[in-house]
Amino acid sequence: MTQTATDVLRLIQEENIQIIDLKFVDLPGIWQHCSFYQDQLDEASFVDGVPFDGSSIRGWKAINESDMAMVPDPTTAWIDPFCKEKTLSLICSIKEPRTGEWYSRDPRSIAQKAVDYLAASGIGDTAYFGPEAEFFVFDDVRFDQTENKGFYYVDSVEGRWNSGRKEPGGNLAHKPGYKQGYFPVPPTDTLQDMRTEMLLTMAKCGVPIEKHHHEVATGGQNELGFRFATLLKAADYLMTYKYVIKNVARKYGRTVTFMPKPLFNDNGSGMHTHQSLWKEGQPLFWGDRYANLSQLALHYIGGILKHAPALLAFSNPSTNSYKRLVPGFEAPVNLAYSQGNRSASVRIPLSGPNPKAKRLEFRCPDATANPYLAFAAMLCAGIDGIKNAIDPGDPLDVDIYDLTPEELSKIPSTPASLEAALEALQQDHDFLTAGGVFTTDFIENWIEYKLDAEVNPLRLRPHPYEFALYYDC
């Protein structure tokens with residue numbers, strides 16, 4: 001594991017690495033990259049950065065002020081297993097070359113500011129995050145949208161809808177039923193070997209691996225697990241996780257999506273996010289209150305629940321996100337907390353008498369989120385809850401899905417759409433700008449980008465199901 005620029009440069013020489021691939025994340029959360037011959041990187045590159053044109057990166061600079069610099073983090077080095085020539089990957093943050101300051105719209109720099117804000121607050125010195133991102137593996141995906149047509153088509157050999165089709169060599173059955181895909185062994189689980197390769201490849205890329213398994217939905221839903229890490233490192237790991245999973249699937253002739261709801265009438269894919277605070281090596285969430293939580297932890301939960309509608313603009317930032325957040329598909333739609341209750345939006349996992357394992361799990365997020373922004377926003381909400389002693393109310397230790405409409409009406413719910421979440425963010429973002437983590441400019445730019453690039457274009461287009469509903473009017 002490299003720690004310094006000197007370590008990286010030594011590794012390049014010792015391993016005879018020819019190509020250096022610098023990766024950074026754009027505003028929506030997609031990795032971008034540029035590859036350099038090995039002699040283009042030196043000690044100064046890790047301080048001043050490597051220049052590039054930022055005008056074509058979504059949500060960033062205008063063309064008349066486009067000079068940017070990628071600053072590689074030497075602790076993120078790994079040899080890319082998908083490149084033909086030996087290639088060293090480094091994850092970068094972005095600097096403004098003219099000022100030498102970190103770029104205020106760079107998601108990774110924002111995540112670092114959140115970490116610094118926690119330390120400056122005196123509350124704690126370490127925030128641990130553990131995301132669990134689910135995904136689908138499909139065999140065939142087609143979609144198109146033009147003036148006279150709009151459709152999507154996805155298929156999977158595991159799809160229950162294929163139980164009656166003719167297949168080469170015969171239909172061998174063993175296709176998971178709807179909501180029956182959790183933990184079956186092969187031959188029902190056709191993806192065992194692929195997931196194993198994904199997991200072991202992640203380890204080669206420096207991600208601390210734990211497990212893999214099939215998930216609930218039919219049609220190839222899966223999850224791999226990696227160990228929790230500090231906020232910035234957890235976001236780096238998640239980006240690597242997605243990169244590895246997509247590329248291993250491509251080797252197998254398959255394709256992966258982290259879309260929250262690619263299939264109608266079955267469970268969607270979430271990104272449950274575990275989190276805890278520590279100070280001087282001691283866990284801060286363990287205590288003598290409800291579920292062995294500390295008062296500080298309850299206030300952290302209070303901050304998450306209070307700001308959840310605005311938080312979802314970052315943790316669930318797609319129009320598709322809100323097709324997952326509906327009742328009946330194991331997705332939390334009500335803003336409550338509970339011990340062990342997976343129908344609550346904040347769950348306190350049963351961790352036994354181990355103080356170091358005490359944590360909370362925010363169950364709303366999905367993997368369309370930019371992890372740097374989502375984790376930073378969650379931490380800011382938690383800090384605000386602690387600073388202002390926000391009471392989370394009483395826990396809800398019943399199955400929320402079994403409550404009557406009258407009982408449910410008393411529980412706050414998640415926004416019903418991305419537009420509603422963006423409106424909540426517009427009204428509630430002081431907790432994000434506290435400590436200089438997010439800037440007002442960034443928040444305004446995020447809202448504008450999401451409306452212009454996603455919400456409004458979707459509003460303009462007829463939906464295929466509208467033809468089923470209204471064509472014969």
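Every residue number used here counts from 1 along the chain in the order it is shown.
Heads up, the Cβ atoms here are built off N, Cα and C, so glycines get one too.
Quick look at what Swiss-Prot annotates:
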BINDING   Glu132, His272, Glu361  Mg(2+) 1 binding site
BINDING   Glu134, Glu215, Glu223  Mg(2+) 2 binding site
BINDING   Asn267, Gly268, Arg324, Glu330, Arg342, Arg363  L-glutamate binding site
DOMAIN    15-100  domain 'GS beta-grasp'
DOMAIN    107-473  domain 'GS catalytic'
MOD_RES   Tyr401  O-AMP-tyrosine
Measure from the CA atom of Glu132 (Mg(2+) 1 binding site) to the CA atom of Asn267 (L-glutamate binding site) and give the result in Å, rounded to a whole number.
15
Would you mind listing, in sequence order, the residues at least six apart from Gly268 (L-glutamate binding site) in the same chain with a Cβ closer than 8 Å to its Cβ?
Ala217, Pro260, Lys261, Pro262, Lys323, Arg324, Phe329, Ala331, Asp366
Measuring C-alpha to C-alpha, could you say which of the binding-site residues His272, Arg342, Glu361, Arg363 are within 10 Å of Glu134 (Mg(2+) 2 binding site)?
His272
Listed binding-site residues are Glu215, Glu223, His272; which of them have CA atoms within 10 A of the CA of Arg363 (L-glutamate binding site)?
His272
List, in sequence order, the residues of the same chain other than Asn267, Gly268, Arg324, Glu330, Arg342, Arg363 whose Cβ lies within 8 Å of the centroid of the Cβ atoms of the recorded L-glutamate site.
Gly270, Phe329, Ala331, Pro332
Quick one: of Glu215, Glu223, Glu330, Arg342, which binding-site residues lie within 10 angstroms of Glu132 (Mg(2+) 1 binding site), measuring between C-alpha atoms? Sequence order, please.
Glu223
The domain 'GS beta-grasp' (15-100), counted residue by residue under DSSP: helix, strand, coil:
13 helix, 35 strand, 38 coil
Glu134 (Mg(2+) 2 binding site) has how many other Cβ neighbours within 10 Å of its own Cβ?
21
Please report the distance from the Cα of Glu223 (Mg(2+) 2 binding site) to the Cα of Arg342 (L-glutamate binding site), rounded to the nearest angstrom.
17
Predicted model, mean pLDDT over the domain 'GS beta-grasp' (15-100):
92
Cα-to-Cα gap, Arg342 (L-glutamate binding site) vs Glu361 (Mg(2+) 1 binding site), nearest whole Å:
9
